[in-house]
């Protein structure tokens, strides 16, 4: 679990630092500009760590499923090598999806209006500025969304359904309460992250951006990375114990 948390923490750190510093600078200056190169880098990094986050959350739900539903087999199923492979697969899927989405988005000509109606550079906002037909790009982004959004969500829901089914059969009321509390907080973050991302990338006419869309994008770009340390770490008794030992010195 801690191995996956390290990967998730690094991805969330990259996710936030890709967009928030630029956003804060734009709050302080009148002329809000970004170069095409800077916009391209922001787009690629945002897609890379965002897609990796999607895969990692699914992997972590499977890890919890094995821990709760098959506790006696956990050490033989989730070996260190298996964890490394799952983490590497998550990053590889992030690289693949980000390359496809970024390639299809950045190959379009942008010769007209260059004012981005958004807080940061991401495909839906850039597609609106393209001076060519964007249908093939939208279909490519939709297909990648199925791979990196709908598939992980299906795995997460299946994992937590099995976890809840197992917990209901537990004799210990304290054990049920503990697992339900943990699963509930995890599902809240998953719902915020995947729900907002699916709305942004997988609805018809996703390139039509309005104020509501910009606010929704804040959930998966800033709010969820901020909540993840609280949900996955500060609610853990080992982490809370270590934090108390540090602060009491």
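Every residue gets a Cβ built from N, Cα and C, even glycine.
All annotation found in TrEMBL is predicted automatically rather than curated by experts.
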Transmembrane segment per TrEMBL - which of 7-33, 34-60: 34-60
The transmembrane segment (139-163) versus listed stretches 34-60, 81-100, 184-203: most Cβ pairs under 8 Å: 184-203
